[in-house]
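For reference, the structure discussed in these notes is given below.
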C-alpha cells in the first residue's frame, strides 16, 4: 500500500510550550485515520501543520512521498474541513463548491458538471442555488466536505466537523461520513476528542496526549490491548482499581486492591517497590455478575449494588466493593437473567484475569469535559 | 392610573420635542427658505428659473461642478483602497493591544480641528517649508519647489482629512470576518489577491459603502482643504456657493447652487448603492 501521508518526527513549540512533540505516523492510501485526544493535546496544531498553516520546528511531512517543506497551504494536495466549517456566506452553495476549481482556473460547463455530481454524491442535488444561511447543520456539513472533495485531494483533513451538531445528528453523520469515505476512496485524517466518533469511523486511530502519540492501532486494538494507562481510560469506558503490586512465592504478580483483595495478574510486572501505585483496568462488559465458583484464573469481588441505571441495551449497575468508598460500573445485560437484582443487594462480581490490564499510575489531566 | 399615563406622555414630549425642534428649525426651515430663494429673482422676489439656468449657461459653474464631483469620487476611491489594508492590518494582523493603540493613533489627529491639520500640511509643503528645506539641504532639489496649490496636494489633503471616516466602519466589518474563512480560501488554493477579491472585499462591502457615503459627502461639501491647499486653480464647488453668498451677496444664486450640490450628492450615492447592490437600510445599520 502507498502512503498518502507520512509524518516524521514532527515537533512544534509555542514559546516554552511544546504543542506537538516528535510525532510520527503513516497513513495508507484510502484509509480513514483518526487522531483522538482530549482538548489541548495538540491535535489541532498537528492538523494545521499538515495543512500548512503552521510551520513545524522540526520533522518532515510527505504527501505521496513528496516533501511538503516550505509549500504554502494553497499549493498542497490537501484540504481541510474546518471545525466551524467556514463556508463562505457571501456565496451560494454552488459557488462555494466551485471555489477551489475556479481558483485553479477551471471554467465553463465542466465546473458545473463536477459540482452537480458532487452535490448528488453528498445527497443534496437540488441545493446549488441555496444560500449558506438556508442550510441546516447537517447540510452545511456535507457542503463543507463536498467543497474539499471536489479538489480531489490526496488527503482530506477534518477538524472535529461534527462538534457543532446535536447528538442525534452526530450519530447519523458518523455513519454517513464513513460511507462517504469508502465511496470516494479519499484518504481521511480526522481529528476528534470523541472516542466514539473515532472508533466507529476509523480504520486506524492514533491516541494523542500532551503532544505525543500514546498508541496507534485499529479501534479493536486500542480497546482490547491498550498500551498505556491513558489509552485504557480515554478509549471506551473502563473501571479503574487502585492497586499495589507484590510477587507471590511462585513468581506471579499479585495486585492488592483496597488492602484486602488479591488478584493474580496475567502480566509480569516490576514488583520491587511495593508502595508504588498501579491501576488495574476492567471493562464494564468484561465483568460477570454472580459468576459462581470454580473458575480458573478468575477474580472475585463482593460488592453492594448502589444503583441500577436502566438504559435498554446499555444498562449498567453501579456497585461499591465491600470495604471501599469506590464505585465501579458493571454492564447489565438485558437478558432478564439479572432481573432479580435490586438496589442495595449484596452480590459478587468477577472477571477473567486475561481481560484486565495493569499500568503504573500516571497523572494527566483529562480536559475532555466539554 | 390616569396620572401615570400623563406622566409618560410628558416624559416622551420632553425628549421628543428638542429633536423635532432641532430638525425643523435648523434643517427643514432653512432649506425651505433656501429652496424659495433659489427659485426667485434677487431684488423683485418674483418666480424665476434664471438661477438654475445660469449654472448651465456659464461653463465655469458646471465645470467646477463636474470637477468637484469627479475629484470627490477619486478621493473616495483612494480612501477605500488605502483603508482596506490599513483596516486589515489593525484588525487581523497585529495583537489586540497594539491594534487599540493604532486605533488611537488614527483617532488622535481628529481631535484637532481640520484647519490646524491643514496648516500642518502647509508648514510641511510650502516653498519655505520643512520638506523643501530638507530636500535642498541633502541636495535632492537645487532650489525650493512649491508643493502646495495644485490638484495632487489637494487630493492628498482630502484623503488625509477623511481617512478616519472610512477606516472606522471598515475595521468594524473586518472584525466580524471569521479568520477561518480566509484560511479556508487559502486552503482551497486561492492566491492572496483572490482571497481579497472573493472573500475580504465582498465581506467588507457594507462597511466600504457606509464609509464611502460619509467620505464622499464630507469631501463634496468640504471647503477648508480645497480652498487652502488647492489654491486658485483648484476651484471647489463649495467655493462657488461661498462666493455667490458672501462676495456677490447673491443669496438666490447661492441657494440654487446649494440645491444642485444636494441633488448631485444624492444622485451619486444612489448610483453607488445600486452599483454595489447594497441597501441603504443595511448600510446605515
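Just so it is clear, glycine is given a Cβ too, placed from its N, Cα and C backbone atoms.
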Pick from B:33-55, B:102-124: which stretch is listed in TrEMBL under transmembrane segment?
B:102-124
Per the Cβ under 8 Å criterion, with at least 6 residues separating them from its ends, the transmembrane segment (B:194-220) contacts 68-69, 71-73, 75-76, 79-80, 83-84, 87-88, 158, 161-162, 165-174, 176-177, 181-182, 185-186, 237, 261, 264-265, 268-269, 272-273, 276, 278, 282-285
Candidate ranges B:12-32, B:69-90, B:102-124, B:152-173 - greatest C-beta contact count to the transmembrane segment (B:255-273) (under 8 angstroms)
B:69-90
Tertiary contacts of the transmembrane segment (B:152-173) (same chain, 6+ residues out, Cβ under 8 Å)
71, 74-75, 78-80, 82-84, 86-87, 90-91, 103, 106-107, 109-110, 114, 117-118, 121, 125, 203-204, 206-208, 210-212, 214-215, 218-219, 222, 225-226, 229-230, 234
